[in-house]
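Below is one structure, written out as structure tokens; the observations come after it.
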Amino acid sequence: MNGSKSPGLAGFGILKNTTCHMEKKISVFFSIIFMTVGILSNSLAIAILMKAYQRFRQKSKASFLLLASGLVVTDLFGHLINGAIAVFVYASDKDWIRFNQSNILCSVFGICMVFFGLCPLFLGSVMAVERCIGVTKPIFHSTKMTSKHVKMMLTMVCLFAVIIALLPILRFRAYQIQASRTWCFYKTEHVEDWEDRFYLLLFSCLGLLALAISFLCNAVTGITLLRVKLKSQQRQGRSHHFEMIIQLLAIMCVSCICWSPFLVTMARIGINKSHSKETCETILFALRMATWNQILDPWVYILLRKAVLKNLYKITRGCCGVHIINLHMWELSSIKNSLKVAAISESPVSSKQVNLQPLSSTGQ
């Protein structure tokens with residue numbers, strides 16, 4: 001495996017001298033609460049997204065809803081698998097030597113931590129790219145971004161995350177039990193070998209890259225929508241994009257806030273070769289922050305829906321008495337109008353007719 005270490009004892013070196021002292025009842029409470037809330041939230045979000053997907057199955061919004069469903073399903077299974085293993089570890093009094101002699105459970109736990117950590121970040125960036133194409137290239141999006149292509153993209157993203165998660169196992173490097181004895185991940189104690197540093201840096205760099213891509217694509221999408229809104233009177237043609245861009249911005253903010261501490265911490269450990277400045281409590285806090293991302297993601301789709309936003313607008317307008325948002329942008333026919341406007345704008349014959357309409361209206 002690594003020098004003269006045997007496979008079965010590869011992850012037990014950290015158990016001799018642990019520097020992380022926590023209350024068992026509090027830790028179990030956190031794990032059970034996180035898992036329960038995460039499962040309920042993601043299940044509700046899946047039901048909402050599936051209902052919306054059935055409504056807009058043949059529309060341009062279907063690809064976004066399919067990617068969003070994949071993200072929420074991934075978060076759901078992350079809570080189910082990782083949460084169940086964590087609760088089992090706590091229930092067994094964290095006695096890894098008793099129930100993990102062959103290191104199989106730790107390897108499975110580590111693979112799941114990496115996969116369910118990277119996959120939502122990748123899917124968030126893919127969703128941002130999809131919306132950017134939908135706004136800037138509507139004809140290309142309507143013809144090329146079919147449900148079949150989106151499902152292929154989902155499969156490729158999941159396969160890539162699986163490969164990254166399995167890379168240490170394929171290279172005969174076992175996942176390590178961490179100092180808190182509650183989870184498994186790459187080696188973070190006394191990191192000297194270049195390969196151990198590589199895994200930490202690979203994980204953190206891929207996660208930060210996914211966040212950067214999401215930020216860039218969402219910025220381009222937002223600027224494009226604002227320019228169209230300012231220059232054109234056809235506001236309903238792009239109105240359904242605003243709902244999705246609001247959801248994407250919320251997902252990006254949640255991901256950045258929740259994942260940045262953990263990704264930066266892993267990068268610092270990989271660069272500095274040791275986490276002498278990063279205590280066990282700090283790493284565990286960053287991990288719990290990342291766990292909150294899988295809890296908050298589904299609430300973006302539950303709360304930031306068109307119907308909820310309209311009700312919030314009415315409540316705000318009633319309280320403040322100020323006209324803040326034009327409800328015309330939330331028309332139910334916005335999906336159909338978007339495709340019509342996109343087709344007219346790129347049609348050589350129709351574009352002439354569209355250009356003549358303002359002239360005729362001014363003549364009248």
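Glycine too: its Cβ is placed from the backbone N, Cα and C atoms.
All TrEMBL annotations are machine predictions without curation.
From a predicted model like this one, the values you see are computed outputs, not experimental measurements.
Feature annotations, courtesy of TrEMBL:
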DOMAIN    41-301  domain 'G-protein coupled receptors family 1 profile'
TRANSMEM  26-50  transmembrane segment
TRANSMEM  62-90  transmembrane segment
TRANSMEM  102-129  transmembrane segment
TRANSMEM  150-170  transmembrane segment
TRANSMEM  198-226  transmembrane segment
TRANSMEM  246-271  transmembrane segment
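Remark: the transmembrane segment (246-271) contacts the transmembrane segment (102-129), by the rule of 3 or more CB pairs under 8 A. Beyond its flanks by at least six residues, the transmembrane segment (198-226) meets 114, 117-118, 121-122, 124-125, 127-129, 131-132, 135-136, 164, 167-168, 173, 186-188, 191, 238, 241-242, 245, 248-249, 251-252, 255-256, 259-260, 263-264, 266-267, 269-271 of its own chain at Cβ-Cβ distances under 8 Å.
Long-range neighbours of the transmembrane segment (102-129) within the same chain, counting only residues 6 or more positions beyond its ends whose Cβ lies under 8 Å from a Cβ of the stretch, are 7-11, 64, 67-68, 70-71, 74-75, 77-78, 81-82, 85, 96, 153-154, 157-158, 160-162, 164-166, 168-169, 174-177, 183-186, 203, 206-207, 209-211, 213-214, 216-218, 221, 248, 251-252, 255, 259, 290, 293-294, 297. Averaged over the domain 'G-protein coupled receptors family 1 profile' (41-301), the predicted model reaches a pLDDT of 85.
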